[in-house]
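Student: Right, I'll just put the structure down here and ask away after.
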Amino acid sequence: MKIAEIHVYAHDLPVKDGPYTIASSTVWSLQTTLVKIVADSGLAGWGETCPVGPTYAPSHALGARAALAEMAPGLIGANPLQPLVLRRRMDGLLCGHNYAKAAIDIAAYDLMGKHYGVRVADLLGGVAAERVPSYYATGIGQPDEIARIAAEKVAEGFPRLQIKIGGRPVEIDIETVRKVWERIRGTGTRLAVDGNRSLPSRDALRLSRECPEIPFVLEQPCNTLEEIAAIRGRVQHGIYLDESGEDLSTVIRAAGQGLCDGFGMKLTRIGGLQQMAAFRDICEARALPHSCDDAWGGDIIAAACTHIGATVQPRLNEGVWVAQPYIAQPYDEENGIRIAGGHIDLPKGPGLGITPDESLFGPPVASFS
């Protein structure tokens, strides 16, 4: 089998009940990039990548499409049933740009699953859970409002909450964490406090020092791995890496040197499902909990995150975050990813199990054959 065609689409995703706010940006709408790979057999697979604007990470929508345009001509004729070889071919065509390569990788896995008549999760090693835990990220807001939302989401069944902090006086962040804990204490809900790289080490240390009795993990409090390493032994809480986990080499370094206690990992940041499966196995070897997320996106990226999340050893699974609550229009009305009771059911069909309504996307912005 060979790749015969590659089509690239741009699609707007307005934020439902927006905006969505993190320390680095306030988001009202995002543009996702979708990739359709068509094999010479006629089978097609879908991939997606959707950065949260240009300031969250070194990735952006126009960059994804430029990178795909650079690689796509050289991928025509490649075998989509060999994801490792396909990854090496992409690396030979373009340095870096994992988030664009991920869209091709996801599409290849979708196509491969359809070819063999199995789910992507089965291709990734096998299913550990048919119903995958999710978690809810609150966004940044006033302490009382965030505490109200936290209690509401616990009542809905989410086993884990992520409280966004940063970009304001740390006193407000401390108050927010305390008020959230007052509302959810005793529920068994796990808690993460996510700085999204925004805190100076001074504020990260103070936050941890002033909340020693609250059992949260501190996720990516500071901008660089070096800053996090400097405070690692001085905080009262476990530290997870998110944005600093840029690639497998960094993950190996962080795990090997004991720089963190777990990860919040983005599927497209690390390069797709092939890379994500390797990351999962590294974490299992060192007993490091982790999530299986992405920055944003619709049903395609949500399904990919759910499939890899379903293969994670349950005791290490910190959940799958998807943007579905913030997206009004699913790509697949019947099989699209839904959160119910704080969990996501693994799609049943072959491949990703998603059949997108192509009419939503309009004509491709680029095609290669």
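Note: Cβ is positioned from N, Cα and C throughout, glycine not excepted.
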Student: To which of ALA295, ALA302, ALA303, ALA304 does Swiss-Prot also attribute binding of substrate at the site defined by TYR56, GLN162?
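Tutor: Swiss-Prot names ALA295 for this substrate site.
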Student: Looking at Mg(2+) binding as recorded in Swiss-Prot, which candidate out of ASP194, ASP203, ASP261 goes with GLU219, ASP242?
Tutor: ASP194
Student: Nearest of the recorded positions to ALA295 (substrate binding site) by CA-CA distance, picking from LYS164, ASP194, GLU219, ASP242, LYS266?
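Tutor: Considering only the listed recorded positions, the nearest one is LYS266.
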Student: Among all protein chains shown, how many Cβ atoms are found within 10 Å of the Cβ of LYS266 (active site, proton donor/acceptor), not counting that one?
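Tutor: Around LYS266 (active site, proton donor/acceptor), other Cβ atoms within 10 Å: 29.
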Student: Pop the Cα-Cα gap between ASP194 (Mg(2+) binding site) and GLN162 (substrate binding site) into the table, whole Å please.
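Tutor: A Cα-Cα distance of 7 Å.
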Student: Can you figure out which of TYR56, LYS164, LYS266 (the recorded positions) comes closest in space to ASP242 (Mg(2+) binding site), comparing Cα atoms?
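Tutor: In terms of Cα distance, ASP242 (Mg(2+) binding site) lies closest to LYS266.
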